Structures are given as structure tokens and as C-alpha cells.
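Chemist: This is the structure, below, for whatever I ask next.
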């Protein structure tokens, strides 16, 4: 079979199977509990994504980086299932994420590039790279989970970010690997198949099952993106996921200032504040996706117009400061 046709059929399968599995999950779980929309929507994304990928690349089943990423993502998925079903304590959920992050680091080639950490001895580099990789995976995984507080929000922001990362990798990377590109594309399609069931009013939720899995996969794939280290590949994964990363960073800072536990959830994230101010779910999603697109444009502009890079980064800093002030004002204006 022509390889292009195989890719097309795999893409169609991933999209349709995600939609079908989401529908079946909704019908089954809704039948058991009609009071609230069911969680566990992430199961449909996980199954359609990985079955599609390994159907396209059967030779990667076995002792490969992709297989080990699959196993580590399975650990995250199981952690999310237990949390959705039993409500784990924060340290228990963290343990599952950290176990998966360590599996990725030690069993695959996913780590921060030595180009990002120059002039270091191999031992020092390995130590710093390990710390940065584990922290990045842990932080991003939790950031997406915390963002999942409004119908369609985490899925829409992740969808936008994955599309931008895939598109820029295809257009600007000189050594993009097909398997990496297909991981981005198929994850995009798996989320796309699920999302219509999650838009307001949601019929089914991602749950921790889905939010943790999506965040974990983005974190692992974005570190892989850093293998071809450059200024652009350093800033792009951060810029296109600026919404969950900024929201989580601000929440941690706020809790430290007020003496609250940084691991406990609250109702003071930006989407909660916007909800209290009367914004509808679609408007909140639109605002967050818009911010994501703006920061992606800034990252691409910094790459394409290098003579103006310092001005672009200065403008980016001003926007971040403006967002911080906006977040502060949202907190002051809450009823």
C-alpha cells in the first residue's frame, strides 16, 4: 500500500475511532449515572491514539523509544483512572506522574539537549538534564490537569498547541522525523474526535484520565522537539502552552504568598475567575485559545525576524506582565 494512503487511512481511523469510543463511553457511563456527565473521556483518546500510531508503525513495537513512551503514558493513564474513580491524594497522583517521567528519561532518548546546557562536564550535564526533564514533564502534566475546569478548555488549548507545534516542526525543522510528526498529528486527531462531546454543555469530561495523559504526552514530545536545539525550539513549546503554564505558575505564586498548599486544587484559576465574572464557557475557551495563538505568532516572529528578536521578546515580556496584572485584577473584582 502507498505510504501516503496508509497515513491518510490511519488519520481517518484515529479521528473516527476517537469519536466512536467517546460516544460509546458516554452512552455506557451516562446510563449508569444520569445525574452528572461522566469522566474517563481520556480513555477514548488514549486508545485511538496509540492503536493508530502502532498500526502505522508496527516495526516500532518492542524495545523502542515510542514503545517506552507508550508504557509510561499508560502509567499516567492508570494514575488518572484511579484519581477519577477513587480521588487520590496529591502525593499519590504525583508519585504516578514522577514514575512515568522517570521511565521516559531512563528508557528513551527524551531529555534536554546538551546544546541548551553547554560547557558542562558529562556528569553535571546528565544531572541537570535529568532534573529539568523531570520537572518539565511533571509541571506540564499538572498544568493541563489544572486547566481542565471549563467545558472544552483543556482540549481546545491542547489542540491548538499541538497543531502549531506540528506545523512549525514541519515548516522550520531541517531534520524532522516522521514518527515524531505522526505522534503530534495523531494526538491532535484523537483529541479532535473527542472534543465535540466535551464542548459546552459537556456530555463527557476528560477527567484526570485524559487531562494527565494529554499533558504528559505534550511534555514528552516537546522535550523531544528540543533535540534539534535552537532559540526557536527552546521557546516554542513554552509559548504555545503559555495558558496552562502561566495559570499554574501564577497559582503557585499566589498560594505561596497566601500560605496555602501548592498541591491542593482551588476555585481561583483564571477560568474560574472569568466564570464568576459572567463569561460563558465558549467565550472563556475563545480567550484562552486566542492567547495561545498570539504567543505562537510571537515565537514564530522571533524566529523569522531575527533582527527584531530583542524587540519581540520585549513585547512578549510586556504582554506577560499585562496578563499578570489582568489576573490580579480578576482576583480583586470577584464577587
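A Cβ is built for glycine as well, from the same backbone N, Cα and C atoms used for every other residue.
Feature annotation from TrEMBL assigns transmembrane segment to 6-26, 38-61, 67-88, 95-117, 123-141, 153-172, 178-197, 204-223, 229-246, 284-302, 308-328. If you look up TrEMBL, you'll see 145, 208 marked as Mg(2+) binding site.
Could you tell me the structural context for the features on the list?
Modeler: Long-range Cβ contacts of the transmembrane segment (6-26) within its own chain (Cβ-Cβ under 8 Å, at least 6 residues beyond either end) map to 38, 40-41, 43-45, 47-49, 51-53, 55-56, 182, 185-186, 189-194, 196-197, 203-204.
Sequence-remote contacts of a segment are chain residues at least 6 beyond its ends whose Cβ falls under 8 Å from one of its Cβ atoms, and for the transmembrane segment (67-88) they are 39-40, 42-43, 46, 50, 54, 60-61, 96-97, 99-101, 103-104, 107-108, 110, 141, 207-213, 216-217, 220.
DSSP assigns residue 208 (Mg(2+) binding site) to a helix.
For the transmembrane segment (153-172), the residues of the chain that approach it from at least six positions outside its boundaries are 144-145, 147, 180-181, 184-185, 187-188, 191-192, 194-195, 198, 206, 210-211, 214-215, 218, 221-222, 225, 232, 236-237, 240-241, 243-244, 271, 281, 284-285, 288-289, 292-293, 296, 300, 303, judged by C-beta separation under 8 angstroms.
Sequence-distant contacts of the transmembrane segment (204-223) (same chain, six or more residues past either end, CB-CB distance under 8 Å): 22, 25-26, 29-30, 37-43, 45-46, 69, 72-73, 76-77, 79-81, 83-84, 93, 97, 100-101, 104, 108, 110-112, 133, 136-137, 139-145, 147-148, 154-155, 158, 161-162, 165, 180, 183-184, 187, 191, 194, 197-198, 237, 241, 244.
Long-range neighbours of the transmembrane segment (284-302) within the same chain, counting only residues 6 or more positions beyond its ends whose Cβ lies under 8 Å from a Cβ of the stretch, are 150-153, 156-157, 160-161, 164, 168, 200, 231-232, 235-236, 239-243, 271, 274-275, 308-309, 312-313, 315-316, 319, 323.
Listed as Cβ neighbours of the transmembrane segment (308-328) (distance under 8 Å, sequence separation of 6 or more from its ends, same chain) are residues 231, 239, 246, 250, 270, 273, 291, 294-295, 298, 301-302.
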Chemist: Can you name the residues of this chain that are 6 or more positions from residue 208 (Mg(2+) binding site) yet have a C-beta less than 8 Å from its C-beta?
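Modeler: Listed in sequence order, they are 39, 42, 79, 80, 81, 83, 84, 93, 145.
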Chemist: Ten-angstrom check, please: count other Cβ atoms within 10 Å of the Cβ of residue 145 (Mg(2+) binding site), all chains counted.
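Modeler: Step by step: centre on the Cβ of residue 145 (Mg(2+) binding site), count other Cβ atoms within 10 Å, giving 27.
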